[in-house]
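Q: Let me give you the structure first, and then I'll get to my questions.
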Amino acid sequence: MLNILMPTLMLFPTVWLAPKKWLWTTSLAQSLLIALTSLLWLKSTSETGWLTLNPYMGTDPLSTPLLVLTCWLLPLMILASQNHISPEPVTRQRIFITLLISLQMFLIMAFGATEIILFYVMFEATLIPTLFIITRWGNQTERLNAGTYFLFYTLAGSLPLLVALLILQNETGTLSMLTLHYSKPIVLSPWGGKLWWAACLLAFLVKMPLYGIHLWLPKAHVEAPVAGSMVLAAVLLKLGGYGMIRIMVILEPQSTDLAYPFIALALWGIVMTGSICLRQTDLKSLIAYSSVSHMGLVAAGILIQTPWGFTGALVLMIAHGLASSALFCLANTNYERTHSRTMLLARGLQAVLPLMTTWWFVANLANLATDPLQNLMGELIIISSLFNWSYWTLILTGLGTLITASYSLYFSFMTQRGPLPQHMFALEPSHTREHLLISLHLLPLLLLILKPELIWGWFS
């Protein structure tokens with residue numbers, strides 16, 4: 001664990017001591033080196049449990065894919081932000097990259113924590129850099145409103161979790177993930193037990209987010225700069241799913257009865273957010289709502305508590321992280337040229353940027369979950385396990401899949417096909433930097449087809 005955490009810490013002096021001319025190059029090179037080193041974690045995964053342990057941190061087959069995804073994302077965020085951040089004063093550029101590095105550090109410590117309280121502290125710490133990125137580098141004045149939504153939704157969900165963890169510590173005497181599932185279930189009054197169960201899950205359901213407590217996400221995505229949108233979609237939402245899988249182990253006796261309304265809400269959310277996507281005019285808003293739809297499927301897979309459900313949730317989280325981040329990068333390449341996120345004003349780009357259309361097509365297929373990508377594998381596993389749990393779930397999951405196909409077609413045709421608007425002329429051609437950025441998102445997704453067991457976890 002330290003062989004990744006220490007080089008990440010060393011990025012701070014690199015950013016502040018590098019000359020202005022080499023700032024982006026050195027930070028990108030070092031972060032890419034860290035990302036490549038993190039791939040060694042995948043080689044050493046074991047079905048026996050935890051590895052690379054020290055007293056507070058370790059990796060296991062559940063956290064390893066998410067840790068690698070976190071490390072892989074930092075160079076991509078630096079690469080995506082370079083064009084619109086480099087005209088700013090050099091101090092501001094350094095602060096921006098420092099925030100991205102601190103976010104990666106907090107996420108590594110969150111996913112690598114073996115103590116639940118350390119996970120909670122890092123879970124909350126990710127708020128600070130993300131809030132600065134949204135409110136300082138967002139595009140419009142609405143960014144302050146988006147930051148407020150993001151902060152208060154997350155904090156309102158997290159405070160009950162802190163109380164629940166203190167009760168758990170008081171009753172069992174430990175908050176270590178290594179030993180907690182061997183301890184006896186805690187005994188509370190009937191209503192106290194129900195409230196404790198809800199408090200344990202609420203923070204993670206807000207973070208995922210579950211339909212009904214999702215309003216912060218589209219606002220945050222639309223107002224954030226491209227790096228903010230990428231890290232939100234790819235990793236921060238997955239903190240919710242990861243936390244749910246970890247905490248479900250200790251909620252076992254009560255989850256059987258209490259999970260029903262949340263599963264119903266998650267499945268209903270797939271249909272509702274998919275329908276909302278069909279009437280969006282804003283490109284980033286559409287991608288944000290599609291994230292809520294996919295994470296609803298992940299939440300349902302986790303809440304039914306079957307090995308297949310957990311496996312499908314992990315696979316879909318990794319695949320969706322790469323696909324949605326790629327879509328936000330592509331949306332940003334459009335925005336940098338047309339200065340508009342409205343799909344009606346930025347259509348017909350296939351004629352001008354044909355190679356970017358190919359990337360749009362592949363990223364859209366990944367978001368749609370088509371064969372043979374990991375997105376399809378994750379969705380099929382979750383839908384199968386839900387069908388096995390209850391036949392009636394097929395109505396909502398089937399309808400959700402059809403709606404996903406519909407908005408993906410709408411999304412693709414609105415951005416790429418049709419006549420080029422009159423106001424769009426002398427557009428910049430696509431750059432090598434952009435092609436490299438998108439290929440570094442989509443190639444891992446394609447390569448995972450060859451060795452999918454890397455992200456299957458130990459549930460299967």
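Here the Cβ of each residue, glycine as well, is placed from N, Cα and C on the backbone.
So TrEMBL has the following annotated:
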- 1-110: domain 'NADH:ubiquinone oxidoreductase chain 4 N-terminal' (DOMAIN)
- 21-42: transmembrane segment (TRANSMEM)
- 62-81: transmembrane segment (TRANSMEM)
- 93-111: transmembrane segment (TRANSMEM)
- 113-404: domain 'NADH:quinone oxidoreductase/Mrp antiporter transmembrane' (DOMAIN)
- 149-168: transmembrane segment (TRANSMEM)
- 195-217: transmembrane segment (TRANSMEM)
- 229-252: transmembrane segment (TRANSMEM)
- 258-279: transmembrane segment (TRANSMEM)
- 286-304: transmembrane segment (TRANSMEM)
- 310-330: transmembrane segment (TRANSMEM)
- 351-369: transmembrane segment (TRANSMEM)
- 389-415: transmembrane segment (TRANSMEM)
- 436-459: transmembrane segment (TRANSMEM)
Q: If you average the pLDDT over the domain 'NADH:ubiquinone oxidoreductase chain 4 N-terminal' (1-110), what number do you get?
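A: For the domain 'NADH:ubiquinone oxidoreductase chain 4 N-terminal' (1-110), the model's average pLDDT rounds to 88.
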Q: Quick test of the contact rule: Cβ under 8 Å, at least six residues beyond the ends. What residues does that give for the transmembrane segment (258-279)?
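A: 194, 197-198, 201, 205, 210-212, 214, 286, 289-290, 292-293, 296-297, 299-300, 303-305, 386, 393, 396-397, 399-400, 403-404, 406-407, 410-411.
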Q: Are there residues at least 6 beyond the ends of the transmembrane segment (21-42) whose Cβ is under 8 Å from a Cβ of it, and what are they?
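A: For the transmembrane segment (21-42), the list is 3-4, 7-8, 10-11, 14-15, 52, 59, 64-65, 67-68, 71-72, 74-75, 78-79, 82, 86, 90, 93-94, 97, 101, 104, 454.
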Q: Under an 8 Å Cβ to Cβ limit, what residues of the same chain, 6 or more beyond the ends of the transmembrane segment (389-415), are close to it?
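A: Sequence-remote neighbours of the transmembrane segment (389-415) are 263, 267-268, 270-271, 274-275, 277-278, 283, 286, 290, 293, 296-297, 300, 304, 306, 309, 334, 343-344, 346-347, 349, 360-361, 364, 367-369, 379, 382-383.
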Q: Under DSSP, the domain 'NADH:ubiquinone oxidoreductase chain 4 N-terminal' (1-110) has how many residues in helix, strand and coil?
A: 83 helix, 3 strand, 24 coil
Q: For the transmembrane segment (310-330), which recorded stretch in the set 62-81, 93-111, 286-304, 351-369, 436-459 gives the largest number of Cβ pairs separated by under 8 Å?
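A: Selected stretch: 436-459, with the most Cβ pairs under 8 Å.
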Q: Residues of the same chain, at least six outside the transmembrane segment (195-217), with any C-beta under 8 angstroms of its C-beta?
A: 123, 146, 149-150, 153-154, 156-158, 160-161, 163-165, 167, 186, 188, 232, 236-237, 239-241, 243-244, 247, 250-251, 254-255, 258, 262, 265-266, 268-270, 272-273, 288, 291-292, 295-296, 298-299
